[in-house]
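Just below is one structure, and these are the notes that go with it.
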Amino acid sequence: MTNQQSNRFFFNVDWITILIYIALCAVGYVNIYASVHNTTDTSVFNFGSNYGKQLIYVIAGLVLGFSILLLDAKFFSVFSPIVYGVTVLLLIIVLVVGRNVGGNQAWISLGGGFRLQPSEFAKFGTALLLARYISSFSPKFRDLKSIAFAGLIMGIPLVLIMLQPDAGSALVFLAFMFPMYREGLSGYFLLIFLGMIVLFVADFLVPLKVLIPTILLIGGFFVYQNKRKQKVMFSAILVTIIAIAYLFVVKLAYEKVLKPHQRTRIELILGLKIDPKGVGYNVIQSKIAIGSGQLTGRGFLQGTQTKYGYVPAQSTDFIFSTIGEEWGFVGCFVVIGLFLFLLLRLINLAERQRSTFSRVYGYCVASILFFHVFINIGMAIGIVPVIGIPLPFISYGGSSLWSFTILLFIFLKLDSNRMGFI
Amino acid sequence: MDNLFNRKYIVQGLFIVVSLILLGTLFYIQVFSDKYFLSAESNVLRKLYTFPARGVILDRNEKILVQNEPVYDLMVIPNDVKEFDTLALCGIIGIDTIKFKKNFKKALNQSRYQPSIFEKQLSVSIYQSLSEKLYRFPGFFVQSRTIRQYPDSIAGHFLGYIKEVSPTDIERSEGYYRPGDYIGKTGVEKAYETALRGERGVVNMLYDAHNVPKGSYAEGKFDTSAVSGEQLISSLDVRIQKLGEELLKNKVGSIVAIEPATGEILAFVSSPGYDPNLMVGRQQGNNYMDLLKNPNRVLNIRPIQGYYSPGSSFKPLDALIGLQEGVIDENTTFNCPGYFRVGNHTTKCEHVDGNIALRRGLARSCNTYACYVFQKLLTQKKFNRNQQVAYDYWQKKVKLWGLGDTLGIDLPGERKGRLYDASYYSKKYSKYWGYSTVISLAIGQGEMDATPLQMANIMAAIANKGYYIKPHLVKSIGKDHVIRKEYLKKNYVGVDAAHFGPVIDGMQEAVNSPWGTALASRIDGIIMCGKTGTVQNPRGKNHSVFIGFAPRDNPKIAIAVIVENAGYGGTYAAPIASYITEKYLKDSIPPNRRGGVEWMKKQVILPALPKPKVKTKAALIDSAKKADSLKKSINAVEPKKVIDKKND
Ligand SMILES: [Zn+2]
């Protein structure tokens, strides 16, 4: 390969995004090192430890990412149905032969201690097919048929992941509502979905005698506001009735249809049954760790909550508590700032695409990252129920890092090829 | 590009808003609120306290009055408790399951993760059987500390007791004390709390989430080791303290003995007393309630709280002030026809003494003589016959002797006694009053009360010929034998040394001459000087009083003995004083007197118990009230027009 050839491959690649990507991976490595650090073993390259493994994952991730940049941009559009098909197949396989880790049947063992989590890879498979569908048929999502079809694309993996059961990862598939919204889906759908999720969660966390009056109050407010406009008023009444009915349906389905262990699982996901130490133990400990960082943090390797294992899942789902404790508000600000910058940049990049496929895919990437960041950090600081999903590029684990890397670099490849047609 | 392009801003706007929500929440928990920071500290940091041994208290010959004994507190960290055989644990430490649940709940309320006391003060034997099985009770461990132990079971009123701190104590100490600490509640334990308690040691340990210790915090920079409390050397002499308590056994009363030259209290007996060992250990609460309920008011510290009319023991003061003021000299004689009459006030004298001068007057305890001196003092020319001004002058002279105010003993709860100034009588008698109105003060009756400590102190001042040193119970503090400055200062009583000779002669005669009234306190080979008194008591038999000092030259001991309801001073108080004095000066009582000692120990002179009243509960609560009612019960009669008084 000559120098010129490699220049051609990386021509037009958005290096700023790659820099942010590397920065976030570095933040991840440093904080995983801190969270598994113990005073007896101080070597930086201990490949038996989690941070040693993460270093391998990061390097492998970079290799993977740059290999994607070497592929032909047309490949992704053409092979998207196949990629989607393979990931769906893997999701089915994992339900049959998967290894049970932490109550979820989500892993396929690859031998040598490495395992694969198909739900991570289903994200970009779905993103690719959704982009392909929208770019090929230009649905404006004005009719039920196109909505149903797009819904099916994201619904199949969602349901399969739900069956593992891993509702947290499944929830992320709702992120595909954003690209659909961008392509014409009515904003009401977003609101309705948001409402359904909020109500679903609230149904478990808030007693009905509080919830129903609250809904009636809000509904009544809208009815009163629109008493001149009959049509709007009636739809407000209708929505209120449906919302209350929905609550009972969810409750009924929950109690009659689900088996006890499934119920436990949902309660677990919603943070009602976190661990034997009592409801909300993880969140309390995570908040304590983050709060103890104060403005500037305790400093690298100085976090006592981190060091002494007070926060469960410290290097994976609750990695943000280490950042909060050791780097303080300043550190949190930088990390959230990096993510926000990345998200805004991805949207901007998506909008500069000539091809609909690239634009939709870009929106998919941004939306999925957004869901992960919001849910993960929100969970660590106690404003979102405990839903075990990783913080992109930062949480420990090969599957999640690689799937986010693939997700991101496919878009970077598409973007570098934005002048061409796919 | 189409009109949907604008939706980009909605999506981006959502991203920004959500990021701001996250940052806002983070700002709150990290910067604004320090709740989480503090929780983090309590998560990992355990302060392990080591308890200092409380200071030991010795007697003047360095014999131990109170020492420390190891006990074991059963501690619990509620979070670490796993299922275990509750009944087995209850059986070992001797509690029932109800108590178990109560204790556990209390510990849980204090902290889930920090150790708190589950059951305190387990004995060594319980500890031994417990420690073998402790592994079966996860979350429980044992912490050793010390409690008080009194080898001779004496001087309970002086030593006082310690008790677990109350929430009020903690608040008042501004956080010095922690729940489970002990604090001196009465007596010397309270008065010298800061010296005795020592300093707690602390080890700051880091613990991980599994409660495994991870080493010390900041390399032990903030750790301290426990410092034992200071040793106190008390002025008490165990030998006579013990003898005194035995002599007053089954009697109500006080003994106070003072070393005149130093003001050091040699014996401090309050009877009925109690075994200080009762106020230690797990039964402390119950024992305390029993003592409170005792109708003889065991917890009263009679030497500093009991009020008695000084009676005849006041007469030396009449003479001394008279000599100092020049209204009499040692040879001035008065005629005693068996009474002293002025206007319609008559004060009886037990004898018809005829012409009587100072020495004989004291030896015979002649009331008439005392009244004449008092009359002369209050009708001095220098006051232009204004008897009320003269009274105030007299009252100030008497106050110099330490009457009518606290002496400042190093023990909490001392009371003032009673001695009024002229304005009190002016108010009471609408200004028309004179010496005849208050004539009973001349013989130590009327509206005058003194504590046994004040009486003994007067003897010390006479023994010193003109001054006293504040009586105190602690000789020196700590290894360096620090003495409080106020206990080195001489307090002069306003009478020149030259005037004491004849008065002491009179007191010597009272004890040693055939016509003396205090012959019962005579000791072979020692010249004791003293006076008896018999204090009338409206509720029963008279109180028996003796005050004195010995030996006459270079006195070593001044003493006041009061036995309530025991009749003549000569019968009980005087011999008791002589036994104590002899024991102190000779270290033993000769065989021919030992029979008397044993006889005295066996005497039971307890007042007829009042019928149980419903108000007991109220009476238990306020100690001031208690002391007040005590005062009423043992106080002398109100001044009467005719004072029927036995001189002895
Ligand atoms: Zn007479």
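Here, residue 1 is simply the first one shown, and the rest follow in order.
Yeah, the Cβs are placed from backbone N, Cα and C, and that goes for glycine too.
Residues of the same chain lying 6 or more positions beyond the ends of the transmembrane segment (A:12-34) and with a Cβ under 8 Å from any Cβ of it are 44, 50-51, 54-55, 58, 61-62, 65, 69, 300-301, 303, 306, 315, 319, 322-323, 326, 335, 338-339, 341-342, 345-346, 349, 391-396, 401, 405, 408, 412-413, 415-419. Among the features that TrEMBL reports, transmembrane segment is placed at A:12-34 (among others).
According to TrEMBL, the transmembrane segment annotation covers A:54-71 (among others). With a cut-off of 8 Å between Cβ atoms, the residues of this chain six or more beyond the transmembrane segment (A:54-71) that come close are 9-10, 13, 18, 21-22, 25, 28-29, 32, 45, 47, 396-398, 401-402, 405-406, 408-410, 412-413, 416.
Per TrEMBL, the feature transmembrane segment maps to A:78-97 (among others).
Proximity of distant same-chain residues to the transmembrane segment (A:147-178), defined by a Cβ-Cβ separation under 8 Å and at least 6 residues beyond the stretch ends, is recorded for 84, 87-88, 91-92, 94-95, 98, 104-106, 119-120, 122-123, 125-127, 129-130, 133-134, 139, 141, 185, 189-190, 193, 197, 262, 265-266, 269, 363-364, 366-368, 370-372, 375, 387-389. The feature transmembrane segment is assigned by TrEMBL to A:147-178 (among others).
Long-range contacts of the transmembrane segment (A:185-202) within the same chain: residues 141, 147, 171, 174, 177-178, 211, 243, 246-247, 250, 270, 385, each at least 6 residues beyond the stretch ends and with a Cβ under 8 Å from a Cβ of the stretch. Residues or ranges marked as transmembrane segment by TrEMBL: A:185-202 (among others).
Same-chain neighbours of the transmembrane segment (A:208-225): 202, 233, 236-237, 239-240, 243-244, 247, 251, counting only residues six or more beyond its ends whose CB sits under 8 Å from a CB of the stretch. Residues annotated as transmembrane segment in TrEMBL: A:208-225 (among others).
The transmembrane segment annotation in TrEMBL covers A:232-254 (among others).
Annotation source TrEMBL lists transmembrane segment at A:327-348 (among others). Remote same-chain residues near the transmembrane segment (A:327-348) are listed as 14, 16-17, 20-21, 23-24, 27, 290, 293-298, 300, 320, 362-363, 365-366, 369-370, 373, 377, 392, 394, 411 (criterion: CB distance under 8 Å, separation of at least six residues from the stretch ends).
According to TrEMBL, the transmembrane segment annotation covers A:360-387 (among others).
Taken from TrEMBL, the feature transmembrane segment covers A:393-412 (among others). Long-range contacts of the transmembrane segment (A:393-412) within the same chain, counting only residues at least 6 positions beyond its ends with a Cβ under 8 Å from a Cβ of the stretch, are 13-14, 17-18, 21, 24-25, 27-28, 31-32, 50, 53-54, 56-58, 60-62, 64-66, 68-69, 76, 114-117, 120-121, 123-124, 127-128, 315-317, 319-320, 323, 335, 346, 349-350, 358, 361-362, 365, 368-369, 376.
When Cβ-Cβ distances below 8 Å are used as the criterion, the transmembrane segment (A:360-387) is approached by residues 76, 123, 126-128, 130-131, 134-135, 167-168, 171-172, 174-179, 182-183, 201, 205, 269-271, 274, 282-284, 286-287, 290, 317-318, 320-321, 324, 336, 339, 342-343, 346-347, 349-351, 353, 395, 404, 407-408, 410-411, 414-415 of the same chain, each at least six residues removed from its ends.
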